[in-house]
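One structure is given here, and the rest of the page talks about it.
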Amino acid sequence: MPTQLQRPLARLLALALLVLLARAAEDEPPFCAVRNRSTGSYIDLSPLASNVSGTPPNWLVRGWQYGANFTLGVCTSPLGDGPAAYYSDTGRRVSIGRVATTPRYTGKKLTLTYEGGDLCPNRVDRKSSLLYFVCDRDIHTIAQVSLLGVLHNCSYLFEVRSVHACAAARAAGDRSVLGIFAAILLVFAAVELARRCCAAPLRRRFRPDFPADRPRWAPAPTGWAARTRAFFARAAEPRQAIKLASSPPGHPASDMEAQNTLLDSLDVRSSGA
């Protein structure tokens, strides 16, 4: 049976386990958002992934010297179900990367990589795109996307300037594990202190202790070893024989006639009388 100290510790460990499980669920990467673990800042790019109507926006980017224009989405596909970025070549869409929803910090640069596009000209690698996000609070649109360069007609670099690329203090509802654990520990300590201070007086008031001289039932022996010890203890106890007043000296108490006489006359006395 757990002691009074073990029960509170078990409750505390159970609460700590629940906190860690909840924290593990919170640590799953959010959609199109990232936290800078070195500074604690939080960036949410999800507003760039959908319009007010909920449909994914199409970001049109001029290729200028490349000779083609590009269409891309941020964490979504501009086609709804297709590549995250593409360009048109003689009426055919050429994929330059599949959808990815997890931005990352590369040093101090916030980037989002689309990989797994169509085959590159070398027929070995596949086309990919790198979106480089820049915090800009002065632009009058939700974002401005421009093409920075193309490498071997296989890798494409875009710059995305937006106010949504600016870091916020912290995500809403974000709390540290130590803070949550400390709060639970304080509540647990307060409840345990109240229980220790109030439980004993209430128990004495509503369930008064029995007096010491009140007869109590002795606990029955359990287990074969305890029963064996109890049997030999009873066998070793001295017994007092019962004699009839009319029995001759030396007459055994187990005599049938003496027992019948005892029942008829009820004239008995103990051997110590």
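Including glycine, each Cβ sits where the backbone N, Cα and C put it.
Pulled from Swiss-Prot:
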DISULFID  Cys32-Cys75  disulfide bond
DISULFID  Cys120-Cys154  disulfide bond
DISULFID  Cys135-Cys166  disulfide bond
DOMAIN    30-168  domain 'MRH'
CARBOHYD  Asn36  N-linked glycosylation site
CARBOHYD  Asn51  N-linked glycosylation site
CARBOHYD  Asn69  N-linked glycosylation site
CARBOHYD  Asn153  N-linked glycosylation site
SIGNAL    1-24  signal peptide
TOPO_DOM  25-176  topological domain 'Lumenal'
TOPO_DOM  195-273  topological domain 'Cytoplasmic'
TRANSMEM  177-194  transmembrane segment
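The structure, with features from Swiss-Prot marked on it.
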{"residue": "Cys32", "record": "disulfide bond", "contacts (Cβ under 8 Å, 6+ apart)": "Asp44, Leu45, Ser46, Leu48, Ala49, Val74, Cys75, Thr101, Thr102, Pro103"}
{"residue": "Asn36", "record": "N-linked glycosylation site", "contacts (Cβ under 8 Å, 6+ apart)": "Tyr42, Ile43, Tyr105, Ala167"}
{"residue": "Asn51", "record": "N-linked glycosylation site", "contacts (Cβ under 8 Å, 6+ apart)": "Pro57"}
{"residue": "Asn69", "record": "N-linked glycosylation site", "contacts (Cβ under 8 Å, 6+ apart)": "Leu60, Val61, Arg62, Gly63, Tyr87, Ser88"}
{"residue": "Cys120", "record": "disulfide bond", "contacts (Cβ under 8 Å, 6+ apart)": "Arg126, Lys127, His152, Asn153, Cys154"}
{"residue": "Cys135", "record": "disulfide bond", "contacts (Cβ under 8 Å, 6+ apart)": "Arg161, Ser162, Val163, Ala165, Cys166, Ala167"}
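Mapped onto DSSP classes, the domain 'MRH' (30-168) shows 10 helix, 57 strand, 72 coil. Mean pLDDT for the topological domain 'Cytoplasmic' (195-273) in this predicted model: 61. Each of the disulfide-bonded residues Cys75, Cys154, Cys166 was scored by the other Cβ atoms within 10 Å of its Cβ; the lowest score goes to Cys166.
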